[in-house]
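Asks: Just passing along the structure, written as structure tokens.
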């Protein structure tokens, strides 16, 4: 019996987008869903109660960072990640692969795994497919990721082909190392860059291993948005319709909607929390940089169409003052707003699928947000 189960509720007649639920050992969440990122077992400045109140059905934590600090054995001793951070709903952990390839300047990729330097202190470390699974088994997340190679964009077809083949072999090794399949669902990660033939090969390899869910990796790494959309259009039909599909590292409003239209169920990204710390806010009419001087005497909320805690209680002028003074409360307010904005957007997307009007919703949202303008400002 798999630890997780995908339930398809409805398909949008306009686009083919999926409305569903994912059942896990720690509860069920609606899809499509955006997952806030809690890198070190916390979503920066947010409490679990606040995240639940705004509709976060699942959050993500980073295996690499938790392995380094505080260590997976301490978290196992605490009773697992859920008890350690007092979060009783689903948790997804990544494999650590992305961090190994993005944070470490010194790395050596071998068949057995990756030798690299700790980005904090320079110590030599080694991460293999088996080790990545062992760490996640200790963390006790509901959904785990296979260890994959994350090639840069762009990369040659020759390099990408070898990388895809290695990732497929690593996925099989990780599956064999997984000792808690009844408690934790392990996803395979489809790679292949912008090459459709390699995406097809990667998907075929992973589907043959019968994972309970599939991730699409190697996108949102610098490629143009039309390339990402083309890759998704080619890749999602190759994945089983009765299992969840997760697009990794995507969190801008337009990419979330376009990903859903192309059959994706789950998304994560640090974008809403990272830009919030610099005072950049997502609003129903586009990007708003709260530090700008024009908001000095602006006593309206960040977004007059938003009913989040921040917008119901505080003005642009006040939040601008806090952010400019580097007050933590200002970061809390912008973080709360951005997460609420994306989670509410996904709620609206689910409603549009239920009403078979997702294409219409996209058109309306893009027009209001300003994505259709020649000078459109994205994130």
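A Cβ is built for glycine as well, from the same backbone N, Cα and C atoms used for every other residue.
So Swiss-Prot says this about it:
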{"type": "BINDING", "residues": "94, 95, 96, 97, 98, 148, 191, 218", "note": "substrate binding site"}
{"type": "ACT_SITE", "residues": "94", "note": "active site, proton acceptor"}
{"type": "REGION", "residues": "249-255", "note": "region 'RNA binding'"}
{"type": "ACT_SITE", "residues": "268", "note": "active site, nucleophile"}
{"type": "REGION", "residues": "273-277", "note": "region 'RNA binding'"}
{"type": "BINDING", "residues": "306, 308, 311, 337", "note": "Zn(2+) binding site"}
Asks: Once 94, 95, 96, 97, 98, 148, 191, 218 are set aside, which residues in the chain still have Cβ within 8 Å of the Cβ centroid of the substrate site?
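Replies: Filtered neighbour residues, in order: 101, 145, 146, 147, 149, 150, 189, 217, 248.
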Asks: Just name the winner among 306, 308, 311 (the binding-site residues) by count of other CB atoms within 10 A of its CB.
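Replies: Sorting the candidates by Cβ neighbours within 10 Å, the top entry is 311.
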Asks: Within 8 Å of the centroid of the Cβ atoms of 306, 308, 311, 337, which other residues of that chain place their own Cβ, given that this set defines the recorded Zn(2+) site?
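Replies: Sorted by sequence, the hits are 301, 302, 303, 307, 309, 310, 312, 336, 340, 341.
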Asks: Work through the binding-site residues one by one (94, 95, 97) and name whichever has its CA nearest to the CA of residue 306 (Zn(2+) binding site).
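Replies: Nearest by Cα distance to residue 306 (Zn(2+) binding site): 94.
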Asks: Can you grab the distance from residue 97 (substrate binding site) over to residue 268 (active site, nucleophile)? Cα atoms, rounded to a whole Å.
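Replies: Between the alpha carbons of residue 97 (substrate binding site) and residue 268 (active site, nucleophile) there are 15 Å.
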Asks: Counting only residues 6+ away in sequence within the same chain, which have a CB under 8 Å from the CB of residue 337 (Zn(2+) binding site)?
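Replies: Residues satisfying the criterion: 276, 281, 282, 302, 303, 306, 308, 310, 311.
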Asks: If you compare CA-to-CA distances from residue 268 (active site, nucleophile) to each of the binding-site residues 94, 148, 191, 218, which comes out shortest?
Replies: 94
